[in-house]
Structure formats: C-alpha cells, structure tokens
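Pulled from Swiss-Prot, these are the features on record:
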type: BINDING; residues: HIS107, HIS111, TYR127, ASP285; note: Fe cation binding site
type: BINDING; residues: TYR127, VAL128, SER129, GLY130, GLY131, ASP159, GLY172, GLU176, ASN257; note: substrate binding site
Amino acid sequence: MIALGIEGTAHTLGIGIVTEDKVLANVFNTLTTEKGGIHPKEAAEHHAKLLRPLLKKALQEAKVNIKDVDVIAFSQGPGLGPALRVVATAARALALRYNKPIVGVNHCIAHVEVTKMFGIKDPVGLYVSGGNTQILALEGGRYRVFGETLDIGIGNAIDTFAREIGLGFPGGPKIEKLAQRGEKYIELPYTVKGMDLSFSGILTEAVRKYKTGKYKLEDIAYSFQETAFAALIEVTERAVAHTGKEEVVLVGGVAANNRLREMLKTMSEERSIKFFVPPYDLCRDNGAMIAYNGLRMFKAGIRFNIEETIVKQKFRTDEMEVTW
C-alpha cells in the first residue's frame, strides 16, 4: 500500500510518500528569515505557494502517479492555524478529486511512530522541536505525556536566544557551533517542576548575561545547552524508570544537536536500554512521518469523513486513541 502525507504545522512544508516499510519520497521546503521569528500568515502563504510544485516533485521522486496512492494523510495539529488550514485544504482537495480516503494525523505522535519503520517497538520518546518539548510513551492505548514544557519549546528557546544576539533564524546550528567553542560553565536557571520543564528563565538570564558584556558568547551558548539538555535528560530518565520501557528515541528538529544525542546516549547506556535517532530528514518536520502514521491508521481501519478533518491547533497527544 502507498500513502501520501502532507506536513505543514509550522514553518516547514513537507510532502512524503511511503509504503509500509520504505520511504519513496520525502521533500520539503522551510520558510526562513534573517531576523525575527515566523509569522503564521507568512507560513501559510509559503505553504500555499509551494504545495503544487512540491507535490509534483514528490510524485516524480517516488515514481508513482497520484492515482496509485491508497490514502491521503495530513498533519491535523497541533500547530499554527493558518498553516494547518492550507495543508488540510490541500489534503481534502486531493482526496475528493481522486476519490481517496483521508486521515488526520497528530503531528507529535507521528514523530515517535516513524521510528517503528526501523524496528523500534515501544519507546519512550523525547520529542524536541521549536514549538514542542514532550516526553511521551504509549500506555493504556494512548500516547501519554509524562513531561513537557510549561512555557516555550526548547527549540524556540534556542532560536529566540540566537535572534536576541543577532544570529537570525534558525538558531540551533549556530548556537551549537558556538557552544562547541565554550570553555567555561556559567550558572543558568535549571527548572524542572515535577516531570515538567521551563525554558523561559534560562532564556531570559542567558540574554541578560550576554548584554552585560562580561561573558564570552561561546561560554553562554555552552552553558545554555548543558543546562537545558541536562533537564531534558533528567525527565526522560524518570519516564524510563516509571514505564519500564527498554527503548528511547530522540525526535524533532532539535534531535540534530550532537551534544543532546551524546547525553541521551550516555543515559541509555547507563540504564542498558536501546537508544535510537532516525535519519535527520525523518527527525525534522516532514511529510514521510505523516504518511507513515496515516498508513498505519488506515490499515487499522481508521477512516475520516471530510467533516472530521477540521484542524486542531491545540491537538493534545493523549487526545487520540491508538488502535493501530
């Protein structure tokens, strides 16, 4: 069977085409800015402009005709309303035009589910991106959130810090390079509340320290990463201990960070559990993960009426019953 998935929850538009065990195409285009963040309206305009050429490119790469596709999947949420609506409208149009079934996919769940293409069975997922930071795992037929950010996502915190010091967007790779040259640890707020996290405090203090001119930028970047990532590892380790699961996966755009990978790998080795990171094109926001999750849902008998494809900006991870 073949599924086509459309992702567009934030600044990346992605279209993926997959079978049960293979990615046939996974193409994307990301809206970037030199200064400032991403405006929802700009993201929607970006997606609308590029949907048709990106769809054509995906079909060409996969060497399939749209008529060969068995199901259309799309990211139903959570995300930016205007961007989500562009994607949902496109998915509905394809489904109606070619008489194909359609399914809406939870973006956060898809990030973890795509690891099952690589033999992962039942992991604890550390999902780290711009808008989301969650520690989640399947329990009682739903993906339960064992810990999450109480304010901003770790990726958003890093990008905002980069923007405040004039590095532009996206800031993750730039901050990571600076951090690699850091030599001195500077104390920054470490905020873990129960199983939840907060990154607004560390962001504010890092910017304040930078503006004093008393600290090397490389040292601030290094300390920012070490402190924030240690908090992520702590909560992930607690979730592993609570659930008794023997696999940990790292997903989301921030999974590209080598220091975070290294820290999570060390924790996994100390607990003698499996650690896995998908190829980066399947870590970041992408259409293939939406297609894969949609195909699993479709094979389990899940079908959506067009009326049920309304987008959900605040689509909770534990809102969806997992029957596939």
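Placement of Cβ uses the backbone N, Cα and C atoms for every residue, glycine included.
Positions of Swiss-Prot features highlighted on the structure.
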{"residue": "HIS107", "record": "Fe cation binding site", "Cβ within 10 Å": "28"}
{"residue": "HIS111", "record": "Fe cation binding site", "Cβ within 10 Å": "32"}
{"residue": "TYR127", "record": "Fe cation binding site", "Cβ within 10 Å": "27"}
{"residue": "SER129", "record": "substrate binding site", "Cβ within 10 Å": "25"}
{"residue": "GLY131", "record": "substrate binding site", "Cβ within 10 Å": "21"}
{"residue": "GLY172", "record": "substrate binding site", "Cβ within 10 Å": "19"}
{"residue": "ASN257", "record": "substrate binding site", "Cβ within 10 Å": "22"}
{"residue": "ASP285", "record": "Fe cation binding site", "Cβ within 10 Å": "26"}
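Within 10 Å of ASP285 (Fe cation binding site), judged by CA to CA distance, lie the following binding-site residues from the set SER129, GLY131, GLY172, ASN257: SER129. Separation of the C-alpha atoms of SER129 (substrate binding site) and HIS111 (Fe cation binding site): 10 Å, rounded to the nearest whole number.
TYR127 (Fe cation binding site) is 15 Å away from GLY172 (substrate binding site) when you measure Cα to Cα. The residues near the Fe cation site, meaning same-chain residues not in HIS107, HIS111, TYR127, ASP285 whose C-beta sits within 8 angstroms of the mean position of the site's C-beta atoms, are THR9, CYS108, ALA110, SER129, ASN132, VAL251, GLY252, MET289, in sequence order. When the alpha carbons of ASN257 (substrate binding site) and HIS107 (Fe cation binding site) are compared, the span between them is 21 angstrom. Look at TYR127 (Fe cation binding site): DSSP puts it in a strand. The two recorded residues, HIS111 (Fe cation binding site) and GLY131 (substrate binding site), show a Cα separation of 13 Å.
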